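**Q** The transmembrane segment annotation in TrEMBL covers 24-50, 62-86, 98-120, 141-164, 196-222, 243-261, 273-292. According to TrEMBL, the feature domain 'G-protein coupled receptors family 1 profile' maps to 41-290.
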Amino acid sequence: MYPNGSVLSLVLTLHSLELPETTIYPAFIFGLTTYLFILLCNLTIIITICMNRNLHKPMYILLLNLPINDAMNATSLFPHLLYSIWSQDRSISYPACFLQGFFAHLNGGASYLILTAMAYDRYIAICCPLRYGAIMTTNNLGKIITGMWLLNFFLIIVVFSLLLPYRICQTHMTDLVCYKTALMKLLCDGTEVNNIFGLSCIIFYHGLSFSVVAFTYIHILITCVTNKQSDAKIKALQTCGTHLVVFMLLEFNTLFPLISHRSEFVPAFLRRVFSISNFIFPPLVNPLVYGFKTKEIRQKMFTCFKNKKISIF
């Protein structure tokens, strides 16, 4: 049993990566390449939106939060994971593990709130186009972005604060990542309170986002069916299709790990694999989907690349 005062010096052991010695260097190179590619893709979207005034619209300002969040999400995993692959050392201090779990949940919650805000923006733009300028003003947009981040910070701070009063009984973790559920398994007691509030937050994030997305998409679909302008209909469906792909990917990558942690029927290997999928696939796929499927961003990216190429020669 480890008293509360000693947690700052406490060293935990994450589950072994179980890599054969011959695969250590290829795994490190693959992991480093993946991380750098994720940063490159997300930074490209960020720079493209920031550098082009034509993209300074509510839809793209809301979208800007997604690559920022995805880059932070990947960064909360990859540096320590790469160090572990290289050194084959799976130890991590409790404060570092606590921070990794905090940012993992913070970024996960932010993804849901960002996509929820984007769904609302598309609903106003497509279903109430004449009121869009009056509703999605700069002031209201700032309130939406500030509000969703403050709400997210508050909920995740409360979630992780509930871990602090309880003593730790073990230092070996059964997961590859410091999720809150993995940290809870280290506690001697207090798991009931943490479980109840944790499940309440899960229901809130998933319930809110699913309800808003379902409501907006039903109304958008009705508007598209009744709209006689084929060009406007196609553009609306393309924009919403991109958003829906990203939302469904997020749902799959978060719900399965959450369910698997609370089920004894899911193999431990699958649980560990999916525990890191949310740090890899959304940050990797999201910028590719928005970069290549959103016409305005794609055009601006190609224009910037072309201008840079010409200036070099």
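Here the Cβ of each residue, glycine as well, is placed from N, Cα and C on the backbone.
Note that the structure is a prediction, hence the values are computed from the model and not measured.
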**Q** Using a threshold of three or more Cβ pairs below 8 Å, and leaving out pairs closer than 6 in sequence, do the transmembrane segment (196-222) and the transmembrane segment (273-292) count as in contact?
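**A** In this chain the transmembrane segment (273-292) does not contact the transmembrane segment (196-222) - fewer than 3 Cβ pairs sit under 8 Å.
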**Q** Kindly say whether the transmembrane segment (62-86) and the transmembrane segment (24-50) touch, using the definition of 3 or more Cβ pairs under 8 Å where each pair is 6 or more positions apart.
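**A** Yes, the transmembrane segment (62-86) contacts the transmembrane segment (24-50).
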